[in-house]
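What TrEMBL records for this protein:
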ACT_SITE  C90  active site, glycyl thioester intermediate
COMPBIAS  164-179  compositional bias 'Polar residues'
COMPBIAS  204-229  compositional bias 'Low complexity'
COMPBIAS  247-271  compositional bias 'Low complexity'
DOMAIN    6-152  domain 'UBC core'
REGION    152-184  region 'Disordered'
REGION    204-286  region 'Disordered'
Amino acid sequence: MPVTPAAMRRLMREITQLQTSPPEGIRVVAGEDNMLDVTGIIEGPEGTPYAGGYFRIKFNFTEEFPAAPPKCRFISKIFHPNVSSAGEICVNTLKKDWNSSYGIGHILVTVKCLLIYPNPESALDEEAGKLLLEDYESYCARARLITSVHCTPKTRPPEFDTPSADSESAPSGSNTALKASNAAEAPVPTLVASTSAKSLASAAPPVTHPLKSSASNTLTTSSSTLSDKTGTKERLSSPSPLGTADSNVAAASPVEPAAATAKATKRGAGNIPAGMEKRKKALKRL
């Protein structure tokens with residue numbers, strides 16, 4: 001077996017993750033009979049002479065993996081300073097900068113960055129490196145030509161029908177930002193709040209006296225005593241005991257019935273002498 005069982009399990013987990021949730025512009029294909037037969041596909045980055053192309057990288061794992069990096073090479077023809085004519089890749093990640101925690105995804109992302117930022121100082125293809133330094137337009141034209149001839153298929157590889165993890169998270173993130181911006185720009189409904197407060201205030205009954213608990217169910221009119229012609233004072237009691245719900249009624253409420261009773265008493269007192277005088281005159285006539 002070329003790799004240890006632990007390394008095999010690790011590779012299987014990573015391949016499954018890369019296939020279900022791949023990075024942007026990167027896909028992984030594994031053999032059905034051999035999981036170690038791994039091929040990475042990199043979509044040419046926009047804004048580079050490799051845009052529109054799909055570049056395949058073959059992985060070869062040894063017994064030293066993951067302590068040592070796998071052997072990787074381009075199986076797609078490419079014109080690049082850091083890729084030899086045989087497809088060998090010159091990148092520090094596959095050499096001195098290798099870490100045992102790195103995997104297939106890290107290598108493919110690094111190579112994709114190499115397509116955006118080539119390094120002519122460590123060129124494996126001297127012609128490409130020299131042309132990049134001396135005539136960038138000619139370098140781009142040459143790289144674009146080889147990409148269109150060898151790496152641009154008529155139809156997009158089916159592996160890219162699976163959406164990447166970045167494209168899946170982008171809509172939710174943009175909707176959240178849009179909602180946040182809409183919430184920040186929305187005017188504060190002060191008018192509605194004030195109107196509601198006014199309507200609640202108008203609906204509430206006016207309170208003229210503070211509420212207080214009554215000591216007993218007998219209502220006294222100490223502040224509104226009535227006086228008759230002789231100057232005597234009366235103390236009125238309510239005709240029926242007040243219930244629990246009426247204990248907080250203000251003391252001035254029974255003034256009107258008492259006043260009406262006093263008026264009726266005055267009228268009665270004024271009518272009695274007039275009737276007696278008429279009777280006396282009738283008796284005198286007889």
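Glycine is no exception: its Cβ is also placed from the backbone N, Cα and C atoms.
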* Asked: DSSP says what for the domain 'UBC core' (6-152): how many helix, strand, coil residues?
  -> 58 helix, 25 strand, 64 coil
* Structure fact -> In the domain 'UBC core' (6-152), averaged pLDDT is 95
